[in-house]
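Below you will find the structure I want to go over with you.
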Amino acid sequence: MEQILALFAIFLAFAFSGKCSDVFSRSDYPEGFVFGAGTSAYQWEGAAAEDGRKPSLWDTLCHSRDQGNGDIACDGYHKYKDDVKLMVDTNLDAFRFSISWSRLIPNGRGPVNQKGLQFYKNLIQELVSHGIEPHVTLYHYDHPQSLEDEYGGWLNHRMIKDFTTYADVCFREFGNHVKLWTTINEANIFSIGGYNDGDTPPGRCSKPSKNCSSGNSSIEPYIVGHNLLLAHASVSRRYKQKYKDKQGGSIGFSLFILGLIPTTSSKDDATATQRAQDFYVGWFLRPLLFGDYPDTMKRTIGSRLPVFSEKESEQVKGSCDFVGVIHYHAASVTNIKSKPSLSGNPDFYSYMETDFGKSLDFQYANTPWAMEVVLEYIKQSYGNPPVYILESAKFTFQWQQIGTPMKQDSQLKQKDIPRVEYLHAYIGGVLKSIRNGSDTRGYFVWSFMDLYELLGGYEVGFGLYTVNFSDPHRKRSPKLSAYWYSDFLKGESAFLDSQGIKELQSKYSSSF
């Protein structure tokens, strides 16, 4: 609890400080610090039914909902060379992307799809030849639908073997050029969103959470989370035994982490905040770094929380070379005085017994303290492991309506100013955390270009580049944030006050 109160003090120091006005430049970051941007396969590639690719969980869920889909998306499958040129223009060190399991091994196991294999080899070679480091995510909510149909996907222990075999193919075929691997993207959100809330693939849940067609919110998130941890450990072990000596890469695991702070300075809210941290972060980081689940979860969830055998605990502990942090905003946490009933089928939030209240910067205000809170918490609670910020950004609305044809907002680029302010503030916040001892080694903007967003379709965009999704050629155009990021990565000092924003707009006014 003392740590939470200390983090609350950080919040008080920075929450009302306004925009980050410190002057800093790229040279202030440690040698080897990586700046990049990211995408994911289903959101960027398109070509959903081309060259042997078969449906994944994403395809199934998105086609069942009226919010668009990734059938074409950004058409990165055909336009990757043009996109790499844009990365060079933006001065990126690295590009984070995911491999589509259903493109590489369409049936989940068995023969490798040679056309899919060649696509990823071509993409990686294009990146490397232009001096851009590939950072690969193996799993972004998208195992082949065939495995879900056959045995229930991550609800079944069989998934561990199939995922390890798939990862082995990736290491064997791409590992000579890939040094940073993330096994699972946002494991906590995949487990909660897909098996408690039903909002993300595979869309499973039960009352009292929601009323999906199938699922059990009281137990499935924990089964899935457990199997994800065992699969990660299996993949990490495979890499270290077969490939690490030759390839020299690192294996990480990513989580969505909010900047949690107590709503008040009361002990009850501080305790609730620690409980929320245990459920959201400790659920995965404690096994990865210490070998077992938080005591808070074991006491509350009881027999519904799977148990690691002694051998499994040893395998999971220390299997993570770095922690991938996906962070967007903060949330205040309030203790629930009248505890909900845990009888029947309680969902994830009933177990946690907290109220997140209103996210303090849900509208993505410039509050870099939220990032600092996250990094300080990881440093203090988990032994300061190496960290990469794998996603962090602010969205802009890019379409006036969803539909066909869609009408793009003509003022989108000019409306990117709040996003520039956000990036400036958060990148500066990372620097403050590094100076305070955090072992943070990289920052990836989400996303390199506007993508198909699972919860927002094509209505919102996180990209440095806008994409005209009503254009068959999917024309890309830089936003003001792309120019700012490029200037920063070229070594220009970052300073944003009202005059600095005017100068930035004036500098690139002819480009819009």
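The backbone N, Cα and C atoms fix where each Cβ goes, and this holds for glycine too.
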Which one of Phe24, Phe348, Phe462 goes with Gln43, His140, Asn185, Glu186, Tyr328, Glu391, Trp446 at the beta-D-glucoside site, as Swiss-Prot has it?
Phe462
Check Swiss-Prot and name the cysteine among Cys170, Cys205 that pairs with Cys212 in a disulfide.
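In Swiss-Prot, Cys212 forms its recorded disulfide with Cys205.
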Return the residues near Asn436 (N-linked glycosylation site) by Cβ distance under 8 Å, restricted to its own chain and a separation of at least 6 in sequence.
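Non-local contacts for Asn436 (N-linked glycosylation site): Glu372, Glu376, Lys379.
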Using other CB atoms within 10 angstroms as the count, which residue among the recorded positions Asn185, Asn211, Asn216, Asn468 scores least?
Asn211
Work through the disulfide-bonded residues one by one (Cys205, Cys212) and point out the residue whose CB has the fewest other CB atoms within 10 angstroms.
Cys212
Any idea what the Cα distance is from Phe462 (beta-D-glucoside binding site) over to Asn211 (N-linked glycosylation site), rounded to a whole Å?
30
In whole Å, note down how far the CA of Cys205 (disulfide bond) lies from the CA of Asn211 (N-linked glycosylation site).
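It is 7 Å, counting Cα to Cα.
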Counting across all protein chains shown, how many other Cβ atoms sit within 10 Å of the Cβ of Gln43 (beta-D-glucoside binding site)?
25
In three-state terms from DSSP, label Gln43 (beta-D-glucoside binding site) for me.
helix
Give the helix, strand or coil assignment DSSP yields for Glu186 (active site, proton donor).
coil
